[in-house]
Amino acid sequence: MASTPRTPAPVRSPPPVPTPTHPTPPPPPLETPQPPLPVSTPPPALETPPPRRVRTPPPPLETPPPPSPSSSQPGDEYHTPAPSLADGSPREEEASFPSDGREGGGAPAPPKSPQLSPMRLAAPRLLLPPPSPRTPTGQNGQEEQEGGAKAAAAGAGTGTGTAAPARQQLRLTGLARSPSSQRSLATTNSSPSPSPSPTPPSPLTPAAAPVVNNNSNNKNNRSGQSTPKRAAETKLPLSSPAATATIAVQHFNPVEEAVTSPLHLGIGKAQRLDHHQHQHQQRQEQHAAAAAVENGGSVPPDVAAAVAVGERRELSVTLRLATAVLSLAAFSVIASARTSGWAGDYYAHHLQYRYAVAVNVIVCAYSIAQSFGEIRRLISPRFIFRSMSSYYCSLFLDQALAYLLMSASSAAASRNDLWVSRFGTDAFNRKITSALWLSFIAFLMLALNALISTANLFSML
(Lines of atoms letter the chains of each structure in order from A and count residues from 1; the text may use other names and numbers.)
(Lines give C-alpha, C1' and ligand atoms only; values in the text may rest on other atoms or scores of the structure.)
Protein backbone atom coordinates (compact mmCIF):
# COMPACT_ATOMS: atom_id res chain seq x y z
CA MET A 1 0.00 0.00 0.00
CA ALA A 2 1.32 3.29 -0.97
CA SER A 3 2.03 5.94 1.75
CA THR A 4 0.66 9.40 1.44
CA PRO A 5 3.06 12.21 1.92
CA ARG A 6 2.62 14.41 4.98
CA THR A 7 2.73 18.11 4.65
CA PRO A 8 4.25 20.12 7.50
CA ALA A 9 2.03 22.38 9.52
CA PRO A 10 2.35 26.06 8.99
CA VAL A 11 4.48 27.95 11.47
CA ARG A 12 2.33 30.08 13.77
CA SER A 13 3.54 32.74 16.19
CA PRO A 14 2.81 32.17 19.88
CA PRO A 15 -0.08 34.03 21.43
CA PRO A 16 0.77 37.27 23.13
CA VAL A 17 1.35 37.16 26.90
CA PRO A 18 -0.70 39.68 28.85
CA THR A 19 1.48 42.15 30.85
CA PRO A 20 0.52 43.19 34.36
CA THR A 21 -0.64 46.69 34.99
CA HIS A 22 1.46 47.30 38.19
CA PRO A 23 5.19 47.21 38.01
CA THR A 24 7.02 44.47 39.85
CA PRO A 25 9.63 45.54 42.38
CA PRO A 26 13.15 44.79 41.41
CA PRO A 27 14.93 42.09 43.39
CA PRO A 28 16.96 43.29 46.39
CA PRO A 29 20.59 43.70 45.67
CA LEU A 30 22.99 41.29 47.26
CA GLU A 31 24.83 42.60 50.33
CA THR A 32 28.46 42.88 49.75
CA PRO A 33 30.79 42.56 52.81
CA GLN A 34 32.31 45.81 53.94
CA PRO A 35 36.05 45.88 53.79
CA PRO A 36 37.78 46.18 57.24
CA LEU A 37 38.80 49.65 58.25
CA PRO A 38 42.51 50.14 58.42
CA VAL A 39 43.84 50.40 62.00
CA SER A 40 46.07 53.33 62.48
CA THR A 41 48.99 52.67 64.83
CA PRO A 42 50.13 55.67 66.88
CA PRO A 43 53.66 56.74 66.34
CA PRO A 44 56.08 55.88 69.16
CA ALA A 45 56.21 58.59 71.82
CA LEU A 46 59.48 60.25 72.50
CA GLU A 47 60.77 59.94 76.05
CA THR A 48 61.04 63.32 77.68
CA PRO A 49 63.45 63.75 80.58
CA PRO A 50 61.83 64.44 84.01
CA PRO A 51 61.85 68.07 85.09
CA ARG A 52 64.53 69.05 87.50
CA ARG A 53 63.51 70.10 90.97
CA VAL A 54 64.73 73.45 92.05
CA ARG A 55 65.35 73.71 95.75
CA THR A 56 63.92 76.88 97.17
CA PRO A 57 65.40 78.25 100.39
CA PRO A 58 63.11 77.89 103.46
CA PRO A 59 61.27 81.01 104.55
CA PRO A 60 62.88 82.94 107.37
CA LEU A 61 61.68 82.10 110.85
CA GLU A 62 59.50 84.67 112.47
CA THR A 63 61.05 86.04 115.59
CA PRO A 64 58.63 86.27 118.51
CA PRO A 65 57.83 89.79 119.65
CA PRO A 66 59.54 90.97 122.79
CA PRO A 67 57.61 90.27 125.98
CA SER A 68 55.44 93.07 127.16
CA PRO A 69 56.00 94.58 130.57
CA SER A 70 52.84 92.87 131.75
CA SER A 71 54.01 89.42 130.65
CA SER A 72 52.72 86.46 132.55
CA GLN A 73 54.67 84.56 135.13
CA PRO A 74 55.03 80.77 135.26
CA GLY A 75 52.05 79.21 137.00
CA ASP A 76 49.53 81.95 136.04
CA GLU A 77 46.21 81.04 134.46
CA TYR A 78 45.04 82.45 131.11
CA HIS A 79 41.44 83.14 130.31
CA THR A 80 40.12 84.27 126.95
CA PRO A 81 37.52 87.03 127.41
CA ALA A 82 34.28 86.81 125.56
CA PRO A 83 34.15 89.01 122.42
CA SER A 84 32.10 92.18 122.81
CA LEU A 85 29.98 93.95 120.21
CA ALA A 86 31.94 97.17 120.58
CA ASP A 87 35.26 95.60 119.57
CA GLY A 88 34.05 93.84 116.44
CA SER A 89 33.09 95.52 113.17
CA PRO A 90 29.40 95.54 112.23
CA ARG A 91 28.44 92.80 109.87
CA GLU A 92 26.86 93.67 106.59
CA GLU A 93 23.79 91.88 105.37
CA GLU A 94 25.29 90.87 102.06
CA ALA A 95 28.43 89.55 103.76
CA SER A 96 26.50 86.53 105.07
CA PHE A 97 25.71 85.30 101.51
CA PRO A 98 28.45 83.92 99.28
CA SER A 99 29.06 85.67 95.99
CA ASP A 100 28.13 83.77 92.84
CA GLY A 101 30.35 85.88 90.54
CA ARG A 102 27.47 87.56 88.64
CA GLU A 103 28.08 90.97 90.17
CA GLY A 104 30.91 93.12 89.04
CA GLY A 105 32.54 93.46 92.44
CA GLY A 106 34.54 90.69 94.11
CA ALA A 107 33.61 88.88 97.31
CA PRO A 108 33.66 91.10 100.41
CA ALA A 109 36.43 90.51 102.91
CA PRO A 110 35.44 88.50 106.01
CA PRO A 111 35.01 90.52 109.18
CA LYS A 112 38.04 90.66 111.43
CA SER A 113 37.90 88.94 114.80
CA PRO A 114 38.62 91.07 117.86
CA GLN A 115 42.16 91.17 119.13
CA LEU A 116 42.68 88.54 121.87
CA SER A 117 44.98 89.39 124.69
CA PRO A 118 45.91 87.12 127.63
CA MET A 119 44.54 88.02 131.03
CA ARG A 120 46.33 87.14 134.19
CA LEU A 121 44.25 86.15 137.16
CA ALA A 122 45.46 85.61 140.65
CA ALA A 123 46.34 82.00 141.39
CA PRO A 124 44.46 80.29 144.26
CA ARG A 125 47.68 79.83 146.15
CA LEU A 126 48.20 83.61 146.18
CA LEU A 127 44.75 84.39 147.56
CA LEU A 128 44.49 85.70 151.06
CA PRO A 129 42.97 83.33 153.63
CA PRO A 130 39.36 84.10 154.59
CA PRO A 131 38.81 85.92 157.83
CA SER A 132 38.56 83.68 160.86
CA PRO A 133 35.12 83.52 162.51
CA ARG A 134 36.58 84.11 165.91
CA THR A 135 38.46 87.14 167.12
CA PRO A 136 42.20 86.49 167.20
CA THR A 137 43.33 86.68 170.75
CA GLY A 138 46.50 85.67 172.46
CA GLN A 139 49.40 84.02 170.78
CA ASN A 140 47.30 82.25 168.16
CA GLY A 141 45.73 85.54 167.08
CA GLN A 142 49.09 87.17 166.68
CA GLU A 143 50.32 84.28 164.54
CA GLU A 144 47.24 84.54 162.32
CA GLN A 145 47.71 88.32 161.93
CA GLU A 146 51.36 87.82 161.04
CA GLY A 147 50.41 85.10 158.53
CA GLY A 148 47.80 87.40 156.94
CA ALA A 149 50.29 90.27 156.67
CA LYS A 150 52.86 87.98 155.06
CA ALA A 151 50.32 86.73 152.53
CA ALA A 152 49.27 90.33 151.68
CA ALA A 153 52.90 91.36 151.23
CA ALA A 154 53.48 88.36 148.96
CA GLY A 155 50.47 89.32 146.85
CA ALA A 156 51.65 92.92 146.55
CA GLY A 157 55.15 91.77 145.62
CA THR A 158 53.89 89.66 142.73
CA GLY A 159 51.98 92.62 141.32
CA THR A 160 48.49 91.16 141.58
CA GLY A 161 47.09 94.40 142.88
CA THR A 162 43.58 94.06 144.19
CA ALA A 163 42.87 90.33 144.53
CA ALA A 164 39.57 88.84 143.45
CA PRO A 165 37.16 87.80 146.19
CA ALA A 166 38.24 84.41 147.54
CA ARG A 167 36.02 81.37 147.47
CA GLN A 168 34.28 80.31 150.63
CA GLN A 169 36.53 77.82 152.39
CA LEU A 170 35.06 74.57 153.70
CA ARG A 171 35.55 74.10 157.42
CA LEU A 172 34.87 71.08 159.61
CA THR A 173 32.82 72.35 162.54
CA GLY A 174 31.59 68.98 163.87
CA LEU A 175 34.91 67.64 165.13
CA ALA A 176 35.22 67.44 168.88
CA ARG A 177 37.87 66.17 171.22
CA SER A 178 36.70 64.20 174.23
CA PRO A 179 38.55 64.05 177.58
CA SER A 180 39.49 60.41 176.87
CA SER A 181 41.04 61.43 173.56
CA GLN A 182 42.91 64.24 175.31
CA ARG A 183 44.29 61.74 177.79
CA SER A 184 45.26 59.40 174.94
CA LEU A 185 46.89 62.38 173.19
CA ALA A 186 48.93 63.11 176.28
CA THR A 187 49.90 59.45 176.47
CA THR A 188 50.86 59.52 172.80
CA ASN A 189 53.06 62.56 173.30
CA SER A 190 54.75 60.96 176.30
CA SER A 191 55.18 57.45 174.82
CA PRO A 192 56.04 57.08 171.12
CA SER A 193 54.30 53.70 170.56
CA PRO A 194 51.38 52.94 172.91
CA SER A 195 50.17 49.34 173.13
CA PRO A 196 46.82 48.64 171.46
CA SER A 197 43.75 47.95 173.56
CA PRO A 198 43.18 44.19 174.17
CA THR A 199 39.38 44.53 173.86
CA PRO A 200 37.79 45.71 170.59
CA PRO A 201 35.47 48.73 170.76
CA SER A 202 31.72 48.18 170.84
CA PRO A 203 29.92 48.81 167.52
CA LEU A 204 27.29 50.93 169.34
CA THR A 205 29.85 53.25 170.93
CA PRO A 206 30.61 56.35 168.80
CA ALA A 207 34.10 56.43 167.41
CA ALA A 208 36.57 58.79 169.03
CA ALA A 209 37.49 62.02 167.32
CA PRO A 210 40.71 62.01 165.31
CA VAL A 211 43.70 63.08 167.35
CA VAL A 212 45.87 65.85 165.97
CA ASN A 213 49.56 65.56 166.76
CA ASN A 214 50.91 68.97 167.75
CA ASN A 215 54.49 67.81 167.39
CA SER A 216 54.01 66.97 163.72
CA ASN A 217 52.32 70.37 163.16
CA ASN A 218 55.23 72.14 164.78
CA LYS A 219 57.66 70.21 162.59
CA ASN A 220 55.67 71.13 159.50
CA ASN A 221 55.67 74.78 160.53
CA ARG A 222 59.39 74.70 161.10
CA SER A 223 60.06 73.08 157.72
CA GLY A 224 58.55 76.08 155.96
CA GLN A 225 55.87 74.06 154.11
CA SER A 226 53.02 75.26 156.30
CA THR A 227 50.72 77.96 154.93
CA PRO A 228 48.43 80.37 156.76
CA LYS A 229 45.46 78.39 155.45
CA ARG A 230 46.79 75.14 156.94
CA ALA A 231 47.63 76.88 160.19
CA ALA A 232 44.10 78.26 160.42
CA GLU A 233 42.56 74.82 159.76
CA THR A 234 44.70 72.96 162.29
CA LYS A 235 43.98 75.45 165.09
CA LEU A 236 40.39 74.42 165.81
CA PRO A 237 38.62 75.39 169.02
CA LEU A 238 38.54 72.65 171.63
CA SER A 239 35.05 71.64 172.67
CA SER A 240 34.04 71.24 176.25
CA PRO A 241 33.32 67.83 177.87
CA ALA A 242 29.64 68.73 177.98
CA ALA A 243 29.50 69.11 174.20
CA THR A 244 31.24 65.77 173.76
CA ALA A 245 28.80 64.08 176.07
CA THR A 246 25.91 65.61 174.13
CA ILE A 247 27.26 64.21 170.86
CA ALA A 248 27.68 60.77 172.43
CA VAL A 249 24.13 60.77 173.81
CA GLN A 250 22.73 61.63 170.39
CA HIS A 251 24.32 58.52 168.84
CA PHE A 252 23.49 56.17 171.74
CA ASN A 253 20.00 54.72 171.92
CA PRO A 254 19.45 52.24 174.78
CA VAL A 255 16.27 50.81 173.24
CA GLU A 256 17.98 50.14 169.93
CA GLU A 257 20.97 48.60 171.68
CA ALA A 258 18.68 46.31 173.69
CA VAL A 259 16.86 45.17 170.55
CA THR A 260 19.99 44.63 168.48
CA SER A 261 22.00 42.99 171.25
CA PRO A 262 23.06 39.40 170.38
CA LEU A 263 22.10 38.25 173.89
CA HIS A 264 18.49 39.31 173.42
CA LEU A 265 16.39 37.05 171.22
CA GLY A 266 12.99 38.60 171.81
CA ILE A 267 10.93 40.98 173.89
CA GLY A 268 9.21 38.37 176.10
CA LYS A 269 10.90 36.51 178.93
CA ALA A 270 10.06 33.15 177.36
CA GLN A 271 12.21 33.97 174.34
CA ARG A 272 15.23 35.12 176.31
CA LEU A 273 18.24 32.82 176.46
CA ASP A 274 18.77 31.24 179.88
CA HIS A 275 22.44 30.49 180.41
CA HIS A 276 21.95 28.01 183.24
CA GLN A 277 19.27 26.10 181.37
CA HIS A 278 21.52 25.93 178.31
CA GLN A 279 24.35 24.50 180.40
CA HIS A 280 21.98 21.92 181.90
CA GLN A 281 20.88 20.85 178.41
CA GLN A 282 24.49 20.52 177.32
CA ARG A 283 25.26 18.28 180.31
CA GLN A 284 22.27 16.07 179.52
CA GLU A 285 23.36 15.75 175.89
CA GLN A 286 26.88 14.81 176.95
CA HIS A 287 25.59 12.12 179.34
CA ALA A 288 23.29 10.75 176.64
CA ALA A 289 26.15 10.66 174.13
CA ALA A 290 28.40 8.85 176.64
CA ALA A 291 25.66 6.28 177.35
CA ALA A 292 25.10 5.75 173.64
CA VAL A 293 28.81 5.16 173.12
CA GLU A 294 28.88 2.63 175.96
CA ASN A 295 25.85 0.79 174.57
CA GLY A 296 27.16 0.87 171.01
CA GLY A 297 24.41 3.19 169.80
CA SER A 298 26.66 5.74 168.12
CA VAL A 299 29.29 3.19 166.97
CA PRO A 300 29.33 2.45 163.21
CA PRO A 301 27.97 -1.01 162.28
CA ASP A 302 31.25 -2.32 160.91
CA VAL A 303 33.12 -1.26 164.04
CA ALA A 304 30.48 -2.85 166.30
CA ALA A 305 30.67 -6.10 164.30
CA ALA A 306 34.46 -6.14 164.53
CA VAL A 307 34.20 -5.63 168.29
CA ALA A 308 31.73 -8.51 168.58
CA VAL A 309 34.03 -10.78 166.58
CA GLY A 310 36.95 -9.76 168.78
CA GLU A 311 35.04 -10.74 171.91
CA ARG A 312 34.65 -14.31 170.57
CA ARG A 313 38.22 -14.54 169.30
CA GLU A 314 39.74 -15.83 172.56
CA LEU A 315 37.20 -18.65 172.80
CA SER A 316 37.80 -19.57 169.18
CA VAL A 317 41.57 -19.76 169.75
CA THR A 318 41.07 -22.04 172.76
CA LEU A 319 38.77 -24.43 170.88
CA ARG A 320 41.04 -24.59 167.86
CA LEU A 321 44.10 -25.37 169.95
CA ALA A 322 42.16 -28.13 171.72
CA THR A 323 41.02 -29.56 168.38
CA ALA A 324 44.59 -29.57 167.08
CA VAL A 325 45.90 -31.36 170.19
CA LEU A 326 43.13 -34.01 170.17
CA SER A 327 43.52 -34.71 166.46
CA LEU A 328 47.29 -35.01 166.86
CA ALA A 329 46.86 -37.48 169.72
CA ALA A 330 44.24 -39.50 167.80
CA PHE A 331 46.23 -40.13 164.63
CA SER A 332 49.42 -40.69 166.67
CA VAL A 333 47.78 -43.48 168.72
CA ILE A 334 46.24 -45.13 165.66
CA ALA A 335 49.57 -45.01 163.81
CA SER A 336 51.37 -46.59 166.80
CA ALA A 337 48.93 -49.51 167.14
CA ARG A 338 50.87 -52.62 166.06
CA THR A 339 51.07 -56.27 167.18
CA SER A 340 53.60 -58.96 166.23
CA GLY A 341 53.35 -62.71 165.80
CA TRP A 342 51.09 -64.90 163.76
CA ALA A 343 48.08 -62.90 165.02
CA GLY A 344 49.81 -59.50 164.63
CA ASP A 345 48.01 -56.64 162.95
CA TYR A 346 48.73 -53.09 161.73
CA TYR A 347 46.43 -50.05 160.94
CA ALA A 348 47.61 -49.94 157.34
CA HIS A 349 45.97 -53.33 156.72
CA HIS A 350 42.52 -51.81 157.19
CA LEU A 351 40.98 -49.08 155.01
CA GLN A 352 38.84 -47.56 157.80
CA TYR A 353 41.87 -46.96 160.01
CA ARG A 354 43.82 -45.31 157.19
CA TYR A 355 40.82 -43.03 156.53
CA ALA A 356 40.66 -41.98 160.19
CA VAL A 357 44.40 -41.23 160.30
CA ALA A 358 44.26 -39.04 157.15
CA VAL A 359 41.29 -36.99 158.35
CA ASN A 360 42.85 -36.43 161.80
CA VAL A 361 46.06 -35.22 160.18
CA ILE A 362 44.14 -32.71 158.02
CA VAL A 363 42.07 -31.47 160.98
CA CYS A 364 45.21 -31.04 163.10
CA ALA A 365 46.99 -28.98 160.43
CA TYR A 366 43.91 -26.82 159.79
CA SER A 367 43.35 -26.14 163.50
CA ILE A 368 46.98 -25.13 164.00
CA ALA A 369 46.82 -22.68 161.07
CA GLN A 370 43.56 -21.12 162.32
CA SER A 371 45.01 -20.82 165.83
CA PHE A 372 48.03 -18.89 164.57
CA GLY A 373 45.76 -16.51 162.63
CA GLU A 374 43.56 -15.78 165.64
CA ILE A 375 46.58 -15.28 167.90
CA ARG A 376 48.04 -12.78 165.41
CA ARG A 377 44.78 -10.82 165.42
CA LEU A 378 44.83 -10.75 169.20
CA ILE A 379 48.39 -9.47 169.39
CA SER A 380 48.51 -6.98 166.50
CA PRO A 381 45.63 -4.46 166.20
CA ARG A 382 46.24 -3.86 162.50
CA PHE A 383 44.99 -7.39 161.67
CA ILE A 384 41.66 -6.93 163.46
CA PHE A 385 39.60 -6.37 160.31
CA ARG A 386 39.24 -9.33 157.94
CA SER A 387 37.75 -9.67 154.50
CA MET A 388 34.36 -11.27 154.02
CA SER A 389 35.88 -14.09 151.99
CA SER A 390 37.90 -15.21 155.02
CA TYR A 391 34.71 -15.51 157.10
CA TYR A 392 33.03 -17.61 154.41
CA CYS A 393 36.12 -19.79 154.02
CA SER A 394 36.41 -20.43 157.78
CA LEU A 395 32.76 -21.43 158.07
CA PHE A 396 32.93 -23.76 155.08
CA LEU A 397 36.13 -25.52 156.20
CA ASP A 398 34.92 -25.92 159.78
CA GLN A 399 31.72 -27.61 158.69
CA ALA A 400 33.37 -29.77 156.01
CA LEU A 401 36.20 -31.00 158.25
CA ALA A 402 33.79 -31.64 161.11
CA TYR A 403 31.71 -33.85 158.82
CA LEU A 404 34.79 -35.71 157.55
CA LEU A 405 36.12 -36.25 161.08
CA MET A 406 32.78 -37.62 162.24
CA SER A 407 32.60 -39.91 159.21
CA ALA A 408 36.16 -41.24 159.65
CA SER A 409 35.72 -41.82 163.39
CA SER A 410 32.44 -43.68 162.82
CA ALA A 411 33.96 -45.91 160.12
CA ALA A 412 36.96 -46.79 162.34
CA ALA A 413 34.66 -47.50 165.30
CA SER A 414 32.52 -49.90 163.21
CA ARG A 415 35.57 -51.82 162.02
CA ASN A 416 36.98 -52.07 165.55
CA ASP A 417 33.66 -53.31 166.97
CA LEU A 418 33.45 -56.02 164.26
CA TRP A 419 37.02 -57.18 165.08
CA VAL A 420 36.30 -57.41 168.80
CA SER A 421 33.05 -59.35 168.21
CA ARG A 422 34.90 -61.96 166.13
CA PHE A 423 38.33 -62.31 167.74
CA GLY A 424 38.02 -60.68 171.14
CA THR A 425 39.95 -57.88 172.74
CA ASP A 426 43.70 -57.44 172.51
CA ALA A 427 46.27 -54.58 172.75
CA PHE A 428 45.71 -53.45 169.16
CA ASN A 429 41.95 -53.07 169.67
CA ARG A 430 42.42 -51.19 172.93
CA LYS A 431 44.70 -48.58 171.22
CA ILE A 432 42.23 -48.14 168.38
CA THR A 433 39.38 -47.66 170.85
CA SER A 434 41.24 -44.92 172.79
CA ALA A 435 42.24 -43.11 169.57
CA LEU A 436 38.63 -43.11 168.39
CA TRP A 437 37.49 -41.47 171.66
CA LEU A 438 40.02 -38.66 171.08
CA SER A 439 38.80 -38.28 167.52
CA PHE A 440 35.16 -37.91 168.63
CA ILE A 441 36.12 -35.21 171.19
CA ALA A 442 38.07 -33.35 168.47
CA PHE A 443 34.92 -33.49 166.36
CA LEU A 444 32.96 -31.76 169.15
CA MET A 445 35.61 -29.00 169.40
CA LEU A 446 35.56 -28.51 165.65
CA ALA A 447 31.75 -28.33 165.66
CA LEU A 448 31.88 -25.54 168.27
CA ASN A 449 34.39 -23.70 166.08
CA ALA A 450 31.95 -24.01 163.18
CA LEU A 451 29.22 -22.38 165.32
CA ILE A 452 31.57 -19.49 166.21
CA SER A 453 32.46 -19.01 162.54
CA THR A 454 28.73 -18.85 161.72
CA ALA A 455 28.19 -16.17 164.39
CA ASN A 456 31.14 -14.13 163.09
CA LEU A 457 29.87 -14.29 159.53
CA PHE A 458 26.35 -13.15 160.41
CA SER A 459 27.79 -10.36 162.58
CA MET A 460 29.65 -8.94 159.61
CA LEU A 461 26.69 -9.16 157.23
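Numbering starts at 1 and runs along the chain as displayed.
Backbone N, Cα and C atoms are what each Cβ position is placed from, and that goes for glycine too.
Lifted from Swiss-Prot, the feature list:
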- 7-69: compositional bias 'Pro residues' (COMPBIAS)
- 193-204: compositional bias 'Pro residues' (COMPBIAS)
- 1-239: region 'Disordered' (REGION)
- 1-314: topological domain 'Cytoplasmic' (TOPO_DOM)
- 336-354: topological domain 'Extracellular' (TOPO_DOM)
- 376-392: topological domain 'Cytoplasmic' (TOPO_DOM)
- 414-431: topological domain 'Extracellular' (TOPO_DOM)
- 453-461: topological domain 'Cytoplasmic' (TOPO_DOM)
- 315-335: transmembrane segment (TRANSMEM)
- 355-375: transmembrane segment (TRANSMEM)
- 393-413: transmembrane segment (TRANSMEM)
- 432-452: transmembrane segment (TRANSMEM)
DSSP residue counts for the topological domain 'Cytoplasmic' (453-461), split into helix, strand and coil: 8 helix, 0 strand, 1 coil
DSSP-assigned states of the topological domain 'Cytoplasmic' (376-392) in counts, ordered helix, strand, coil: 12 helix, 0 strand, 5 coil
Integer average pLDDT (0 to 100) for the topological domain 'Cytoplasmic' (453-461): 87
Distal contacts, the topological domain 'Cytoplasmic' (376-392) - CB-CB under 8 A, six or more residues away: 306, 309-310, 313-314, 317, 453, 456-457, 460
Residues of the parent chain within Cβ reach of the topological domain 'Extracellular' (414-431), under 8 Å, 6 or more residues beyond its termini: 333-334, 336-339, 343, 345, 350, 352-353
